[in-house]
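K.L.:
Before I ask anything, let me first share the structure, which is written out below as structure tokens.
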Amino acid sequence: MTSNWITTRAWLLMLPLLIVMIAIIGWPLVDTVRLSFTDAKLVGTEGNFVGFDNYVKMLSGSNFQRTLITTTLFAVLSVGAEMVIGVLAALLLNQQFYGRSILRALMILPWALPTVVNATLWRLIYNPEYGALNAALTQIGLLDAYRSWLGEPGTALTALIVADCWKNFPLVALIALAALQAVPRDITAASMVDGAGAWARFRFVIMPYLAGPLMVALVLRTIEAFKVFDLIWVMTRGGPANSTRTLSILVYQEAFSFQRAGSGASLALIVTLLVTVLAVAYAALIRKSAGAT
Amino acid sequence: MERRSLTATIFVYAAALLLAAVILAPVVWLFIMSISSTTDLITKPLRWWPETIDLSRYGVLLSSVANSAGQAFVASLFNSLEVAGMATAAALLVAVPSAWAVSRTPAIGWSLYAVIATYMLPPVALAVPLYMALSALGLLNNVFGLALVYLTILAPFTTWLMKSGFDSIPREIESAATVDGARLDQILRLITLPLAAPVMATAALFAFLLAWDEFFYALLFTSDQRAKTLTVAIADLAGGRVSDYGLIATAGVLAALPPLIIGLFMQRALISGLTNGGVKG
């Protein structure tokens, strides 16, 4: 068999996938670009070419800027907390204690819970009149009167971050735990003989093993958090007073609630560009950390 | 083994208890809400354990009496099963041959990166044209239309998983069979695919979970019982004027059961999948 034929055969085997991907990903993406230069409505009118009007309008609007800040805040805070709590949980799960295998098995629960169920669950917990959080805090004396955690701009975003963090830190913990288990025993033992303290051991012996997998988890989680929609839609719909409105929610409102397909498309492409920048940074970081170890 | 001091041991157990409580409390509370009577759920101070266990909501949601909450719920349950099942089957169908091709033909390896890159795309980037196309084809509010759209997520994802699965099957086995005179279709059918069966099962479960979990497209492209999925039905319940919080919790428990069971039983495969590919962020 010639290598030419092998390559042709490979392409033939890929053909079904390529056709599907072009039809439902490639073409829609190109059409989103086209729409972004028109004033098309979601239903009815085809729309006219309007150049960069949509982009200018969207980028200069205060909605976009405020939403970008909210999204960044959500992504940085929730992913940051997930990484820290996840690594701490992994360090704990790497110790020897009774019930460790059960606890490890439990870590899969939040991850397996569907996102919408997680959002619904936390919405019930935060309920202003009958929620478990209000009840628990009042009964142990930390809170005088019931509060509307999701109804006040001051607490809504934090409440969402807690819900996101609870669902996702176990994933980080499981990834970190797998990395910890790859650290050779004799290296940690040798470092202890050499008199390294707990922090020095973590920083110089364990951390090099953690860095690569954690970097992958960090950037994948950041990209996911940047695209967040489900959690926020179910819990607050971007409210109160738009204090939890993220970019995906804004695109949804523009394109589907207000049916402005043109400007919605331009906004969607801006979001895509931001995610692409994150993804490229991701590839670079991973290559760098792979080279370092 | 490192010997710990008593203080360190106490600290480890305290931390383990705290972690177990943090993980379990919300899940257990969801279950307790589903079996508490409505009065127990709205008394102040709140009762943390119901006076009498009330399982009636499970009956309500799983009944098929016409025009009941149960009928809508059961319909969405079947829609979710149908959409996730069809999308998973279709994704494997296109992913397996291409994953094998990429795995065995380094010359076209770059095309895999193009496939993975699309997995990073935010769904909003495709939503408007997909909406218009489905609408033009009469596939809005249709399980086939939704399953087709789910391929945008499942096809790249399963290709990625299957490719690393095929990579771990030594190609020498295939070369040996070629030397023995086997044709390509025989090799694939008798050797490679049976060896790849466990990976395919894992990929199928992952894909099914992704589809089961999906909300954004389902919210956009479905509008009533003919196609509405479980996630949309639950969001409707949570956001609507349902005053029985226990009913919302029960719907949550039922929707969470399949993935929780898969998660607990498939733990090892899931974790190796998570760590190898860093999948499903």
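Glycine too: its Cβ is placed from the backbone N, Cα and C atoms.
Owing to the predicted nature of the structure, the values given are computational and were not obtained by experimental measurement.
Reproduced below are the annotations present in TrEMBL:
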- A:12-30: transmembrane segment (TRANSMEM)
- A:68-286: domain 'ABC transmembrane type-1' (DOMAIN)
- A:68-93: transmembrane segment (TRANSMEM)
- A:105-125: transmembrane segment (TRANSMEM)
- A:156-183: transmembrane segment (TRANSMEM)
- A:204-223: transmembrane segment (TRANSMEM)
- A:265-285: transmembrane segment (TRANSMEM)
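Looking at the shown structure, what environment does each listed feature sit in?
P.N.:
Tertiary proximity for the transmembrane segment (A:68-93) is limited to same-chain residues at least six positions away from its ends with a CB under 8 Å from its CB atoms, namely 100, 103-104, 107, 157, 160-161, 164-165, 168-177, 179-180, 202, 210, 214, 217-218, 221-222, 225-226, 228, 243-247.
Counting only same-chain residues 6+ beyond the ends of the transmembrane segment (A:105-125), those with a CB under 8 A from a CB of the stretch are 89, 93, 131-133, 150, 159, 162-163, 166-171, 173-174, 230-231, 233-235.
Within the same chain, residues 70, 73-74, 77-78, 81-83, 85-87, 89-91, 93-94, 104, 107-111, 113, 115, 118-119, 122, 126, 149-150, 205-206, 209-210, 212-214, 216-217, 221, 225, 228, 231-232, 235-236, 239-240, 243-244 sit at least 6 positions outside the transmembrane segment (A:156-183) and bring their C-beta atoms closer than 8 Å to a C-beta of that stretch.
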K.L.:
Using a Cβ cut-off of under 8 Å, list the residues of the same chain at least 6 residues beyond the transmembrane segment (A:265-285) that approach it.
P.N.:
32-33, 35-37, 54-55, 58-59, 64, 215, 219-220, 222-223, 226-227, 247-248, 250-251, 254-255
